[in-house]
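Novice: Supplied in structure tokens, the structure appears directly below.
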Amino acid sequence: MFVQEEKIFAGKVLRLHVCTMEGAEWLEEVPEDTTVEKLKERCLKHCVPGSLEDPKTVTHHKLIHATSEKVLTDAKTVLEENIQDRDVLLLIKKRAPPPLPKMADVSAEEKRKQEQKAPDKDAILKATANLPSRNVDRTVAHHNMRDFQTELRKILVSLIEVAQKLLALNPDAVELFKKANAMLDEDEEDRVDEIALRQLTEMGFPESRAVKALRLNHMSVTQAMEWLIEHADDPAVDAPLPGQTPSEATAEAGASSAEATAGPSSEAGGEEAKDELTEIFKKIRRKREFRPDPRAVIALMEMGFDEKEVVDALRVNNNQQNAACEWLLGDRKPSPEDLDKGIDTNSPLFQAILENPVVQLGLTNPKTLLAFEDMLENPLNSTQWMNDPETGPVMLQISRIFQTLNRT
């Protein structure tokens with residue numbers, strides 16, 4: 001008679017500690033070749049008598065190995081699941097799936113979502129159909145925002161004239177403005193970051209081309225490198241930037257050095273000192289001349305506009321490319337000539353500004369005049385002067401006076 005080998009050698013018996021979620025505990029002794037499903041049936045007979053009458057009871061329960069937190073597979077044996085003697089198993093019942101929502105509940109939820117949804121255009125028109133119509137000029141708000149900037153420029157033009165007359169009476173004015181003028185010789189826009197320039201030249205880019213790329217990209221090495229690569233085959237890549245040619249730059253530098261060395265002797269009289277101060281004022285004005293954003297100039301000229309028109313547009317619109325484009329396509333108001341007109345010196349606004357003690361004191365400070373000149377030609381620098389401890393209080397008083405009188 002033939003006998004199978006596994007019947008002769010019985011499997012090893014394991015003692016397993018079984019627990020339930022309700023707190024019941026007991027020991028089960030099973031051979032290691034017992035399937036997990038059989039072990040689960042034995043556990044259910046022990047803790048839930050009569051439960052096996054329902055065939056779904058076994059499938060609705062699972063055995064979990066406590067140490068590894070592994071869910072045991074019904075078809076595998078205890079040995080295949082690598083269960084050892086005295087291991088702890090947990091018998092749990094699977095949660096029943098949530099019931100499907102009733103149609104009434106679904107309808108109520110959809111209705112709630114629809115109620116919370118924002119109204120569409122048709123609903124808005126229907127709800128506002130009976131309201132009286134008003135012809136609102138949408139450009140008024142835009143003009144109101146620009147009113148202060150437009151008036152401020154006129155105020156600065158007139159205040160500069162007053163400040164020059166007051167400072168001309170100061171015996172130390174010439175020396176003060178010579179020092180201020182020396183500071184202006186170091187113009188930030190003319191200087192190039194030497195470290196950034198060296199990085200680009202070490203990559204193999206020509207120095208003149210690298211300088212142009214850095215100025216176009218506000219001294220950013222990454223953006224300048226991208227520009228150089230993009231325009232490598234551009235025949236106009238080495239052309240000077242619009243608004244300033246090398247000859248003009250050289251002439252300006254020569255004029256600056258000549259004027260810096262020129263001047264009357266210390267023994268000059270009052271008239272000569274006054275003339276020298278006038279020349280310094282003119283020189284400061286020349287140095288503070290508007291400088292258009294080169295990238296904006298190129299972009300607008302590519303649209304077909306003349307270079308002079310583009311520079312005028314950028315000057316009127318504080319180097320804002322989009323606003324300059326609208327100005328070029330529109331009525332071109334205000335004109336560049338309007339920017340040099342001052343405010344009516346007999347107006348209540350200007351009289352109130354001149355009568356303010358803080359403004360009166362500030363007009364005797366050379367730094368205030370320099371701030372006015374700078375803001376006049378570079379309005380984007382206004383924030384810098386507003387935060388300055390010497391010029392900030394003056395600008396704050398001018399703003400407050402304007403806002404007060406503009407409301408009345």
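Glycine residues also receive a Cβ, built from the backbone N, Cα and C atoms like all the rest.
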Novice: So which range, 80-99, 100-119, gets flagged region 'Disordered' in TrEMBL?
Specialist: 100-119
Novice: Which stretch does TrEMBL mark as region 'Disordered', out of 235-275, 276-316, 358-398?
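Specialist: The listed stretch tagged region 'Disordered' in TrEMBL is 235-275.
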Novice: Please average pLDDT over the domain 'UBA' (291-331) for the predicted structure.
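Specialist: So the average pLDDT across the domain 'UBA' (291-331) works out to 86.
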